Amino acid sequence: MAHDQLHRYLFENYAVRGELVTVNETYQRILTNHDYPSAVQTLLGEMLVATSLLTATLKFSGDITVQLQGDGPLKLAVINGNHQQQMRGVARLQGDIAPGSSLKEMVGNGYLVITITPTDGERYQGVVGLEGETVAECLESYFQQSEQLPTRLFIRTAEHEGKQAAAGMLLQVLPAQDADRNDFDHLAQLTTTVKAEELFSLPANEVLYRLYHQEEVTVYEPQDVEFRCHCSRDRCADALMTLSDQEVNEMIEQDGEIDMNCDYCGTHYLFNSLDIRAIRHDSSGNLLH
């Protein structure tokens, strides 16, 4: 595929839907400005694919955040995506992580949090323990526990043409449908055979034909996937206003200005004393001294 896209498809003879996504460019953009260990890079790729696939199951406008937290050297890994397939992600480390480290070795005693935030409506949060060996296995457990929908994720990450690449597929029984478990397992077995190189190099229709050429599959129009950070100077200003005047003044006195850096995209926002004075004026309607 020329660029990152998500394809939805439906099996005509089974109550099962599928998704296929490649996120190579988005993945590389998330890794830019960060010198993550190779194992963390791989994990972020898996989480990115999973978040894209999960976000595509939303029936409303909103976003999904997939977050790993624990007491291991990887303190936090988070991917956020919305219904427009705009993705961003970051990881925070405290300690060394060896190449090839497992999920458990990186996160330690921890959990996976899935937060669904509709544009209109109440936020929902689900938490699952790290019982699986991979992000995909943990998310499959989440769907089984919370949605009670048989779901399988097939995630591939590797180096492709000298760059990090990530792609994957999702199979899920349609809600309110009584799919035969044998049918679902049959389709899952076919999907298991997909190779990373196929997902990275071939058009989606060709991948689907190779996997399901004996099945009747309807493929819908693709949706572009992209890196998009939602940080802004205004949001940083709002964050500064949550601090006390004394804290802000001390930061200004120490360095002459406040440098706020977005962990997701690396953008720097600088605020000097005149900026702070203007922000305080805008937030209160009166000059604060």
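The backbone N, Cα and C atoms fix where each Cβ goes, and this holds for glycine too.
Caution: TrEMBL annotation is automatic and unverified by curators.
Residues or ranges marked as disulfide bond in TrEMBL: CYS229-CYS231 (among others). Counting every protein chain shown, 17 other Cβ atoms lie within 10 Å of the Cβ of CYS231 (disulfide bond).
The disulfide bond annotation in TrEMBL covers CYS262-CYS265 (among others). There are 17 other Cβ atoms within 10 Å of the Cβ belonging to CYS265 (disulfide bond).
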